[in-house]
Amino acid sequence: MRTEYCGQLNLSHVGQSVTLCGWVNRRRDLGGLIFIDMRDREGIVQVFFDPDHKAAFEQASELRNEFCIQITGTVRARPDSQINKDMSTGEVEIFANTLNIINRSEPLPLDSNQINSEEQRLKYRYLDLRRPEMADRLKSRAKITSFVRRFMDDHGFLDIETPMLTKATPEGARDYLVPSRVHKGKFYALPQSPQLFKQLLMMSGFDRYYQIVKCFRDEDLRADRQPEFTQIDVETSFMSADQVREVMEKLVRELWQETKGVDLGDFPVMTFAEAMRRYGSDKPDLRNPLELVDVASLVKDVEFKVFSGPANDAKGRVAALRVPGGAQLSRKQIDEYGQFVGIYGAKGLAWLKVNDRAAGLEGVQSPIAKFLSSEVLDAILVATQAESGDILFFGADSYKIVTDAMGALRLKVGRDLELTRLGTWAPLWVVDFPMFEDDSEGGLTAMHHPFTAPKDMSPEQLAAAPTTAIANAYDMVINGYEVGGGSVRIHRTEMQQTVFGILGITEDEQREKFGFLLDALKFGTPPHAGLAFGLDRLVMLLTGTDNIRDVIAFPKTTAAACLMTDAPSFANPASLQELSISVVAKKGTTDAGAEENQ
């Protein structure tokens, strides 16, 4: 039906007859001529209709925005005075000979001249995707996945599919369950990741695997998360953690060079402990120059118990955040920051303005200055490298509250005061995570997942001191986003059983949930390691949006709903009966749908 795409026409096509298919982006009548901007997936070109071609001209008078049309015409060079440098096709236009109105359009429920609500955009997603900026993001996504496949193929990785219907295994989030009609009362689970299957592929001898795969997690959503998401999943045998990181860093560096023309350079490597200490986050945004400085040792003996209490508590922390030029902040702004850190459990935010660095106590302004001696103040100013015109913020509480609150404050202040270097890239690797962390019930949970190997520990040593164990794990972080994470896996049965035991999984539960894995580990399992990238998040970064829904064709809302199809919906009662499932409404509700499905 077409010979060319609208957005690909240029001066090399002048004089040629072309047939185009697409949509009317805009129509205007000027001096007896009808002009339209015609759009397809590759861009927009100007088409004009002359009364000398009567049939086409009369039809063109009927055109409205978003009519689907086909035109045939001759490519002409625009006069110099009419060249549109804002369009890739701005040097040419099409003199239309024939017009075929393929399909008419009703007035759109989305207004291209104003900002539409996200709910409206998601409800009419097929129309929202016609917008050039949305189409460009999906085209970029296609190019990115194509590049990844070429890279992985060139480096000897095999693209192998793993099952979508599998067994529920604890991986940190709730599973999406699928009932079995054949096996009454039993359920499949949609995979949270292909983790165990890719490990089994290593045991099968496929020493370099990758897959661009859908994953599913029933968890509370944020702007950068979806219930179904896409991973670039990778696993290797006979490669160390350093070697895996080297290949994956090469992939990302070449991807940035290909898509952005940017050389990211070698990625710095930072331990988890250093990242938390300096930046209050295990995914630090290094574009932001602000850092936390521990000052507990300097305030242990001050009379201000808000400081001295945590400073003398092994589980406490006192940290300062120096903000260059921050002395200009108003009291109202400072109070707002105090309210902000309260979100993270902080009971307040102490502050100190350095008006004159050389004047000691006389040169600072702060409600806490009266509790500080000249010696303590000078030690704090030296430790934080404070200068005249700066402000210091202090967090003092438990280690977790201070780290979380001051880390979040660091990011907010960096944005508010325009200290964060927007338009730049700051990648790094974070390594040496704790193997375990405390859970809400007083036990331990795996910080990554229960198949991660510890660094330099035997099963006996791990069982004796699990909270001291360091995981052989690594995360790739770019501009404060964790874009990928991986680890060296456990490849011996005894170590895997030890980890399960530390996590409170009984031997019977181990056999029930992971018997197939424990059996496989007995048969010459090679050492193996891997990593998974969040494709959606990578595309989000590369296309310059901060909303992951912008890079997914048909995303869900933060309530895990599809406004376009109205999913999830109530099931047909006959289908539920066939599955031997009964849906019961909660007490106190009058859910008609649930009653229908009982």
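Cβ coordinates come from backbone N, Cα and C, glycine included.
Every protein chain shown contributes to the tally, and the Cβ of ARG217 (L-aspartate binding site) ends up with 21 other Cβ atoms within 10 Å. The L-aspartate binding site annotation in Swiss-Prot covers GLU171, ARG217, HIS448, ARG489.
According to Swiss-Prot, the feature ATP binding site maps to ARG217, ASP218, GLU219, GLN226, GLU482, GLY534, LEU535, ASP536, ARG537, an assignment based on sequence analysis. Sequence-distant neighbours of GLU482 (ATP binding site): residues of the same chain at least 6 apart with a C-beta under 8 Å from its C-beta are ASP282, LYS283, ASP475, MET476, GLY534, ARG537.
Residues or ranges marked as region 'Aspartate' by Swiss-Prot on the basis of sequence analysis: 195-198. Long-range contacts of the region 'Aspartate' (195-198) within the same chain: residues 162-163, 166, 169, 171, 209, 211, 233, 235, 449, 451, 514, 517, 530, each at least 6 residues beyond the stretch ends and with a Cβ under 8 Å from a Cβ of the stretch.
Close to LEU535 (ATP binding site) in the fold, though at least 6 residues off in sequence, lie ARG141, ILE144, THR145, VAL148, ILE212, PHE229, THR230, GLN231, ILE232, each with a CB less than 8 Å from its CB. Classification of HIS448 (L-aspartate binding site) by DSSP places it in coil, neither helical nor stranded. Looking at HIS448 (L-aspartate binding site) and GLU219 (ATP binding site), their Cα atoms lie 16 Å from each other.
Long-range Cβ neighbours of ARG489 (L-aspartate binding site) (same chain, at least 6 residues apart, Cβ-Cβ under 8 Å): GLN199, MET202, PHE451, THR452, ALA453, HIS528, ALA529, GLY530. All chains included, 13 other C-beta atoms sit within 10 angstroms of the C-beta of GLU219 (ATP binding site). In three-state terms derived from DSSP, ARG489 (L-aspartate binding site) belongs to an extended strand segment.
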